[in-house]
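Engineer: Mind having a look at this structure? Questions to follow.
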Amino acid sequence: MTTPALLPLSGRRIPTLSPGASSFPHHRATLRLSEKFILLLILSAFITLCFGAFFFLPDNSKHKRFDFGLEDVLIPHIDSEKEARHSSRQVIHGVGDHDEHRHREEEESLRDKIRADHERALQEAKEKLRKSKEELKAEIQTEKTKVVEDLKKKDGPKPLPPVPMPKLVGVKDGDPGDPDTKEKRDKIREMMKHAWDSYRQYGWGHNELKPIAKKGHSTNIFGNSQMGATIVDALDTLYIMGLHDEFKDGQEWIKQNLDFSVNAEVSVFEVNIRFIGGLLAAYYLSGQEVFKVKAVQLAEKLLPAFNTPTGIPWAMVNLKSGVGRNWGWASAGSSILAEFGTLHMEFVHLTYLTGNPAYYQKVMHIRKLLAKMDRPNGLYPNYLNPRTGRWGQHHTSVGGLGDSFYEYLLKAWLMSDKTDTEARKTYDDAIEAIERHLIRKSNGGLTFIGEWKNGHLERKMGHLTCFAGGMFALGADGSPDDKAGHYLQLGAEIAHTCHESYDRTVLKLGPEAFKFDSGLEAVAVRQNEKYYILRPEVIETYWYMWRFTHDPKYRQWGWEAAQAIDKYCRVSGGFSGVKDVYSSNPTYDDVQQSFFLAETLK
């Protein structure tokens, strides 16, 4: 998972003309008759209005004055109540010859002003009629641009408060010394550049890329809008790899084009981890303010998702209307543990950056609500109804639907410099229940994490679950009862099992899910579980295990996976997932996932 994008936009957009577009009918003459006719109509209406004013001006010689003079209407301020009463009496009663004379002068002055305005309007109209069609189009475009800029200044968000910026991590880009390691590192960077350049050429601005069809791609998690998910998601990887020109291209697109005031229904979870997480990571790496501003703008759009009877957010929210709902397939209208439990790292940072406690309070409320609830066997079911506050189907998984809830508890503790002991205690209790009820050894000696369904353990493990090996290693330090060595060993056993799931395929890439029964171990059984969609979880666990043990086999396993991806997933237009890792001639799914750039290659 990734850890812990235009200047401030107005809430509305004014359509502008593209260079090749026109608000005028296509014609090679300067102006068509109908356009001249419209201009003449406007002029005649203005002239009629001006001359009409002469007929309706009051005549002091015939009528007693009860009107307010022009200067009386325009007085912006009267200094005292006494002056106000005096002025009212003078205006209303209008007594004295001096006032009559002054009023006649004012009327004559007003007539002169109207005549001058009329002459000026006629002159401007004549000048307009002498201009070419192109000149008129340019003037209209200039006015539209001015209106847009004025609206941005008027409706733009308030500036964020200054907060201490953590020391920028930056990129050291040191030489690893070992030529073999440097060569492998350069190869991974080249793969990243191929993936990015292909997206840049064929899918720029779209959420993802179809590398075979060479066009943009999107799914319902991003709604129907082109929000550049790959750009935002890949920023920190580009920066870490020292691809600064590519990073700047992405930054410029975000500055100019990333707009969240769109009528799009998006996944709160996916948008949080890919967009808010991506923007915050880019901000903390580069210090560029635009990323922080965009992250906060988007977070404001997600807050309405929390408007439920329990405060457990909806899975989906419309960025424009703020209306939320849950997935139709999720147990009786439930929200999903991995989704509403994978928000608080980003939201805590949002409160820090903005000074607005709402973000922190929303996610801490979720944690407190979960702490009060009964948990079957100490396990957290994957489904919770946001209306009733009751668990849905009793299904517990460390893979899909549950995975990142546990990851975020551990990382929240680490992110707080180990002061968030509540998060650590919740993590430790959850892991203890998982080890007791879900972790088993197969007949062949492979440690795996099954899924608990209504009191029954399903001996199946998903590719997503493989991240847990790295999580156990990361959480080893600080674990209760001096069990650091135990959890490091458990992480190593999970890493080994997941490596076997790769090694037992033809392509040396792991399937989406694999079973441990009927004599089959670490092998996918169903056809719809044999695919690989460029996921990072197995490689992520290798990375953590390398960091904590420096056992060279983990680097080697990672390199083998990279070679397999380059050999079987690389196409001329980028990288694609494959539908069957057990086939020597696999078909492509034709999707380059944003997380391939954000996580797998990183």
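Placement of Cβ uses the backbone N, Cα and C atoms for every residue, glycine included.
So TrEMBL lists the following for this protein:
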ACT_SITE  GLU270  active site, proton donor
ACT_SITE  ASP403  active site
ACT_SITE  GLU512  active site, proton donor
ACT_SITE  GLU537  active site
COMPBIAS  170-183  compositional bias 'Basic and acidic residues'
DISULFID  CYS466-CYS498  disulfide bond
REGION    96-115  region 'Disordered'
REGION    152-183  region 'Disordered'
TRANSMEM  37-57  transmembrane segment
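Describe the structural context of each listed feature in the structure shown, including burial, neighbouring residues and relevant distances.
Structural biologist: Using a 10 Å Cβ-Cβ cutoff, GLU270 (active site, proton donor) registers 20 neighbours.
ASP403 (active site) has a Cβ environment of 25 other Cβ atoms inside 10 Å.
Taking a C-beta cut-off of under 8 angstroms and a sequence separation of 6 or more, GLU512 (active site, proton donor) has the following same-chain neighbours: GLY462, HIS463, ALA524, GLU529, LYS530, TYR531, TYR532, ILE533, ARG535.
Same-chain residues at least 6 positions away in sequence with a Cβ under 8 Å from that of CYS498 (disulfide bond) are, in sequence order, HIS463, CYS466, GLY469, GLY510, GLU537, VAL538, THR541.
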Engineer: Just to verify: the residue among CYS466, GLU537 with the fewest other Cβ atoms within 10 Å, which of the recorded positions is it?
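Structural biologist: The recorded positions CYS466, GLU537 were compared, and GLU537 has the fewest Cβ atoms within 10 Å.
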Engineer: Compute the C-alpha separation of GLU270 (active site, proton donor) from ASP403 (active site), stating it in Å without decimals.
Structural biologist: 14
